[in-house]
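Asker: Pasting the relevant annotations from TrEMBL:
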{"type": "REGION", "residues": "1-33", "note": "region 'Disordered'"}
{"type": "COMPBIAS", "residues": "1-10", "note": "compositional bias 'Basic residues'"}
{"type": "LIPID", "residues": "GLY2", "note": "N-myristoyl glycine"}
{"type": "LIPID", "residues": "CYS3", "note": "S-palmitoyl cysteine"}
{"type": "DOMAIN", "residues": "29-185", "note": "domain 'C-CAP/cofactor C-like'"}
{"type": "BINDING", "residues": "GLY104, SER105, GLN121, GLN122, PHE123, ARG124", "note": "GTP binding site"}
Amino acid sequence: MGCLFSKKRKTEKERQTPPASGEAGEQQPPKLYSWDKREKIDPKDYMFNGLKNETVGRLPGKVAGQQFVIQDCENCNIYIFDHSATITIDDCTSCRIFLGPVKGSVFFRNCRDCKCIVACQQFRTRDCRKLEVFLSCATQPIIESSANIKFGCFQFYYPELAFQFKDAGLSIFNNTWSNVHDFTPVSGENNWSLLPEDAVVQDCVPLPTLEELKAVRISTDASKSIVPITRGQRQKISEESCLAVLFAGDYTTANARKLIDEMLSRSFLLVQTKEVSMKPEDAQRIFRGKAPDFIPLLDKGPVIALEFNGDGAVEGCQLIINDVFNGTKFSKESNHTKDSKKN
């Protein structure tokens, strides 16, 4: 007669045969999901916190689109030679900061006596005092509860910078650096102003002295700046301006740069630049009778628009187009003339 808790002993064959799939005792490997395969991010690699009297930075490729935080730093030189998602700078004093292209926002909060070079989609300050910013910003810069904020046009170059602008989704031609909005204006006072035209970017943020960061081949020469240096809201020198429009093509950016160089060499001023998608109604308004020639070109992509200022700007632009860009179409209008060229 059997016992209630008795077990049938396994035969030698049963002990040697592995269990079928799904049977008890089988060690199944854990299921991997897509998020399990991602490289683990250590937030400390994307933060400078509590530093004093130091030079620190990140080389190209070391941030790669991640968020970055800079906080509680004093008298530091800080360089981010890469593109990032967003950057916040909190409670920093007497720092010099370079920020490569930022896809989203750069937000300074409670900072004092800092000098910066910044490229971003959005720029904001809150509760800041005495900042100097060489800025490239795709949207209107905003200051709030801040005073003595000075702005200049972004001016910088290193070989990887153009690709970083693209990775951040920024156009080098969309820069509203001087069109600042003050959320908290004070009657009779101006909380922001423009830096002097002769302000030197290297005096604002010096070149890095840290041996590791010296590997970045930097130039602060205005003629090499990846972002065209524009006059912005500064007073124009002439009542005559012209608008050159370059339609999308294989060499649009190179042609825009060539036209800028040629016009500047003739002492004309570059007021502003834009890279935008133009609609047929925009072409009708700008080109008027010539619009039918240009509307079919709009389907190729965004146009680059360059505004120049100076006595004789219209004629000078036309001569350059005829001499340098042979075979291009050219449209001219009188009275604050607007000119257009295409690739």
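Using the three backbone atoms N, Cα and C, a Cβ is placed for every residue, glycine included.
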Asker: Measure from the Cβ of SER105 (GTP binding site) and count the other Cβ atoms within 10 Å, all protein chains considered.
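Answerer: By my count, 17.
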Asker: Mind giving me a neighbour count for PHE123 (GTP binding site)? Other Cβ atoms within 10 Å of its Cβ, every protein chain shown.
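Answerer: I count 27 other Cβ atoms within 10 Å of it.
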Asker: Of the residues named as GTP binders, GLY104, SER105, GLN121, GLN122, PHE123, ARG124, how far apart in Å are the Cα atoms of the most distant pair?
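Answerer: 11 Å is the greatest Cα spacing among the residues binding GTP.
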Asker: Ten-angstrom check, please: count other Cβ atoms within 10 Å of the Cβ of GLN122 (GTP binding site), all chains counted.
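Answerer: GLN122 (GTP binding site): 17 neighbouring Cβ atoms within 10 Å.
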Asker: Of GLY104, GLN121, ARG124, the binding-site residues given in the record, which has the fewest other CB atoms within 10 A of its CB?
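Answerer: GLY104, out of the binding-site residues GLY104, GLN121, ARG124, has the fewest neighbouring Cβ atoms within 10 Å.
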Asker: Taking 8 Å from the centroid of the Cβ atoms of GLY104, SER105, GLN121, GLN122, PHE123, ARG124 as the cut-off, which other residues in that chain fall inside it around the GTP site?
Answerer: THR86, VAL102, VAL106, PHE107, CYS120, CYS137, THR139
Asker: Which value does the mean pLDDT take for the domain 'C-CAP/cofactor C-like' (29-185) in this predicted structure?
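Answerer: Averaged over the domain 'C-CAP/cofactor C-like' (29-185), per-residue pLDDT gives 94.
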